[in-house]
Amino acid sequence: MKLAFLFLGPMALLLLAGYGCVLGASSGNLRTFVGCAVREFTFLAKKPGCRGLRITTDACWGRCETWEKPILEPPYIEAHHRVCTYNETKQVTVKLPNCAPGVDPFYTYPVAIRCDCGACSTATTECETI
């Protein structure tokens, strides 16, 4: 459970932070862009017992086309929902500053190498809907 949290937590953080960068951008091109791309952003890496460390990394961001159409047979809908997600990543480990005695100072996070629009995979992305 802890291993999954260490991996999925940073992945979700990268996706959310990347999404925030897109929403905050003032460029008209970013507002109309449809697709999935690698984009640089900065986040604060932290864990209990250590000071935070600002990290600049690459993450996936974008907007992918989705659609649904009614059909006559169950389940009565044909859905095509794709998300901007990681296709290829590498893991980077950094040492957090000023950790308390007994606290592991190392923090590992994914760096996006390639991103694509695709089906949501719980191995790399938090796939819950609202």
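Placed from the backbone N, Cα and C atoms, the Cβ positions cover glycine too.
Taking Cβ-Cβ distances under 8 Å and a sequence gap of 6 or more within the same chain, the neighbours of Cys36 (disulfide bond) are Cys60, Trp61, Gly62, Cys64, Cys84, Thr85, Cys115, Asp116, Cys117. If you look up Swiss-Prot, you'll see Cys36-Cys84 (among others) marked as disulfide bond, on the strength of sequence analysis.
DSSP assigns Cys99 (disulfide bond) to coil in the three-state reduction, outside any helix or strand. Cβ environment of Cys99 (disulfide bond): Gly49, Cys50, Arg51, Pro105 lie under 8 Å away, each six or more residues apart in the same chain. Taken from Swiss-Prot, the feature disulfide bond applies to Cys50-Cys99 (among others).
Per Swiss-Prot, disulfide bond is recorded for Cys60-Cys115 (among others). Over all protein chains present, the Cβ of Cys60 (disulfide bond) has 27 other Cβ atoms lying within 10 Å. Cys60 (disulfide bond) falls within a strand segment according to DSSP.
Here Swiss-Prot flags Cys64-Cys117 (among others) as disulfide bond, drawing on sequence analysis.
Residues annotated as disulfide bond in Swiss-Prot, with sequence analysis given as evidence: Cys120-Cys127 (among others). In sequence order, Val83, Cys120, Ser121 constitute the residues six or more apart from Cys127 (disulfide bond) in its chain with CB-CB distances below 8 Å. Under the three-state DSSP scheme, Cys127 (disulfide bond) falls in the coil class.
The N-linked glycosylation site annotation in Swiss-Prot covers Asn87. For Asn87 (N-linked glycosylation site), the same-chain residues 6+ apart in sequence whose C-beta sits under 8 angstroms from its C-beta are Ile113, Arg114, Cys115, Asp116, Gly118.
Sequence annotations record features per position, and here Swiss-Prot assigns signal peptide to 1-24 based on sequence analysis.
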Per DSSP (helix/strand/coil reduction), Cys115 (disulfide bond) sits in strand
Mind telling me which of the disulfide-bonded residues Cys50, Cys120 has the densest Cβ neighbourhood, counting other Cβ atoms within 10 Å?
Cys50
If you draw a 10 Å sphere around the Cβ of Cys64 (disulfide bond), how many other Cβ atoms fall inside it, taking every protein chain shown into account?
16
